[in-house]
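Visitor: One structure follows; several queries about it will come next.
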Amino acid sequence: MFVVGQRWISESENNLGLGIVTASDNRTVTIQFPAAEEERIYALSVAPLTRVQFQKGDRINSVEGWQLDVEEVVENQGFIIYLGKRADSGEEAVLPEMQLDHKVSFSKPQDRLFSAQIDRSDRFALRYRALQHQQAQFQSPLRGMRGIRASLIPHQLHIAKEVGQRVAPRVLLADEVGLGKTIEAGMILQQQLFSGRVERVLVLVPESLQHQWLVEMLRRFNLKFSLFDEERCSDFDKADEDGNDVSENPFDSEALVIASIDWLESSPNRAKQVLASHWDMLIVDEAHHLAWSEDEPSVGYQFVERLSKQTPAVLLLTATPEQLGQESHFARLALLDADRFYDYHSFIAEQKDYKPVADAVATLLNDKPLSHDEQNSIAELLSEKDTEPMFKVINSEKSKENDRLQVRQELIRELIDRHGTSRVLFRNTRQGVKGFPHRVYHQITLEMPSQYTNALKVMGMMGGVTKDDQLYPERLFQRMNPAAKWADFDPRIEWLITFLKNHRDEKILVICKQADTAIALEQILREREAIRSAVFHEKMSIVERDRASAYFAQMEEGAQVLISSSIGSEGRNFQFASNLVLFNLPDNPDLLEQSIGRLDRIGQKNDIQIHVPCFENSMQMVLATWYHQGLNAFEETCPMGAALFREFGEELEGFLKNPQAVGFDEFLVRTFKRQQQLKAELEQGRDRLLELNSNGGEVAQALAEAIAKEDNNPHLVNFALSLFDVIGLEQEDLGEQSIVISPTGHMLVPDFPGIAEDGTTVTFDRQLALMREDVEFLTWDHPMIRNGIDLITSGYIGKSAISLLINKNLPAGTLLLEAIYMVETQAPKGLNLTRFLPPTPVRILLDNKGNDMAAQVSFAGLEKQLKPLNKQMANKIAKMAQADIKKLIGISEQKIAAKLPELIEKASQDADSTLSAELHRLTSLQAVNKNIRSDEIEALEQQRIESLKQIALANWRLDSLRVIVSNKE
């Protein structure tokens, strides 16, 4: 049976490669596996081995590296010799089986079937379902938005969908604080990455926000960005023996990069390297800090300007236009489209033209009759439409309410499309979005301890008292008395302990200036008072912060209080808590708003209680009073806070240095009066038309509801659990809608992407994921699911199977063939053809006469009737029925070839319809809205042409097959 020199493969250890018989006797056979450098000795009676014999038409590899197209197979004294022509030269050649490549693998399902590499039937089923789900996800309009670890906020989803599906989007995101600009940018980015339009991304942020972006992108979107600074870049600096610079560009080493714009401004060489690298998308946060004037733009602005000109997609995140001032606002728009926004004075004139229209929209929204002037403004802008009948419906008391509503909505839609900046600017306000809680301020006045008073006096006599020393005296005291403990006498500690004991059932966030303060506070609460507490600061790793956050989020056994440094809490939101204690007061209004913003977010269910313990007649008290009575910054968001701080900062400094100085009350009155004036100007400057476009209305609400509906669909849970089971991952149900997934020693793959060695806790529940940042939130967009699908569909799992069909109506031994074909295109990713023709599985189920029964016999229905076969019996069937199986495969190829034109035609119609409609819309709008870029229209037309061309080239391939043999029982 076995002859030395023959080639066999191990059925149980496919990874060993092609074996060669080195010895054989009456009881055993010895096989050498050169590729794996392994040897096995098998008992002849149970040897799990299959003889390798290629067929005419196969292309096989020699051990020397050349390939042979087999034309004839000759057997001589137990050895196989292959005759044919070399693939490289076409010359006739002979290849004895001993000279076959040792690393042979069988990728075609039929080759695997006939070489005894037969998989379990349940794995074949999982593979088919994975292919079906992959197809569905490629075509889902929710892709890139549903997987975010965040609440489903309609206006955010609307902006993300509107911008994320554009070709090379260039927009300004200018929502008010707390409305989620970072989340909007992340969802836009996610969609662009999924579609393949974007691969390399640069995020430029102020230095203080680098870690916030790193955390947000990882925790909310599962995007692993790399933080670049001078230390990291210096590792790439090199010189040759002659001292010539041969450095590599560090920015070419990663695809997703975060860098500080402050650093690049001060480092021309690094800025030059950034410009030399290629980026598909640029995101700039806090873009309003890029100073610009017509005569003297800043270094930072000029750098971003150069970068934006060579980067196709640009997202600028900025303060609201009213906060910026029109000149600064114009400068940001010019970064997005320099051809459109080329002259500031023309821009101002154009904006004035839209003011009457915005007023008219406000009237439409309030369901009031339009004035004569408002009608003229609308008619002028919609000059190509007959608006007179529409105005009659709106202004007539006899009109039906539903008719008035429809006309109002149509007019508003038309006006939005023609709005001056509606395609490049999105801005939502809290007033427009609604759903925010109230904020209630509680000032706690305490007597300053003598230890602090003495320390300030001593340092004052030495001439070394700083503003920080007076605002945060505990740091000064500790610096002067390293052995002493400020917490032993600071009355804020006792107040905090009492407060916590009086609010045992509530979650409380405490924010301090420094990490050391937070650490000391947490230790006292935990050790001295046995209060369940967690600490959160910048010295902790992201994993440690996740654990602290999760401990705080637990409702029953979790921490009552989380004590955080001001930097440590960046990027983290705790909407489930409604009590905020500012142990240290931030020293500017923006930082104050950031701190309150940890709780004051969309999704907060309760009014926010803000507690500020201050020392009487101190700098702390002056600042707190100015924030409250001057800016009203505790109880309302204060978008004009930075402007007021600049305007009154110098005068405020005098009162901070001398808390009892005369004139403070009058100063508060002046500040508040100016605050009210700026607030009124902001309200008057609100562009209701722009807000309406940014908000999304009913369409946005429907989008949120669609994702919520998918959240509750059991298909993902069922598929994921089957996936984990087949791969060999251990699953432990923790209750509370979470499970722990752990690796085992019998997995199909060495490691599964995203699973930690000690296990990973996952949930399919969005609300739990929002509360527990240490738990992975699984959706169809999550890398664990996407990688799992790729693992199944791109490998050999489930490619060939043999099953037993128990059916009394069929003669025993009846042969069926279930073939799964893939119809797909080989097109550039940037075309995003998967929307129209994703890799599409086509199931063909042939009986022994070659009839396709797939339409009559469902996959799920057939699956229930199938029984597994042991491997030995499956191999026997494959060998015995080889000729019949090959015949059925040939028939199935004819069937799929006949189906292909219909699939191509449908995909072509979908692509042409979708892309032509968008093209027509943009072309029509360009005539009435200058913000429709010509290059965007040209790119879309080119995309349409290329898409139709590539879809026409789609082809099929056999992905997997299952042989089914019937039996009576």
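Glycine too: its Cβ is placed from the backbone N, Cα and C atoms.
Computed from a predicted structure; not experimentally measured.
Checked Swiss-Prot, it gives:
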DOMAIN    162-339  domain 'Helicase ATP-binding'
BINDING   ASP175, GLU176, VAL177, GLY178, LEU179, GLY180, LYS181, THR182  ATP binding site
MOTIF     285-288  motif 'DEAH box'
DOMAIN    492-663  domain 'Helicase C-terminal'
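Walk me through the surroundings of each of these features.
Guide: Following the DSSP three-state reduction, the secondary structure of GLY178 (ATP binding site) is coil.
Residues belonging to the motif 'DEAH box' (285-288) score a mean pLDDT of 88 in the model.
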Visitor: Please list residues from the chain of VAL177 (ATP binding site) whose Cβ is under 8 angstroms from its Cβ, counting only those at least six apart in sequence.
Guide: GLU593, GLY597, THR637, PRO639
Visitor: List the residues in the vicinity of the ATP site, defined as same-chain residues other than ASP175, GLU176, VAL177, GLY178, LEU179, GLY180, LYS181, THR182 with C-beta within 8 angstroms of the site's C-beta centre.
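Guide: Nearby residues not in the site list: ASN428.
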Visitor: When neighbour density is defined as the number of other C-beta atoms within 10 angstroms of a residue's C-beta, which of the binding-site residues ASP175, GLU176 has the lowest density?
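Guide: The binding-site residues ASP175, GLU176 were compared, and GLU176 has the fewest Cβ atoms within 10 Å.
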Visitor: Which of GLY178, LEU179, LYS181, THR182 has the fewest nearby Cβ atoms, counting only those within 10 Å, among these binding-site residues?
Guide: GLY178
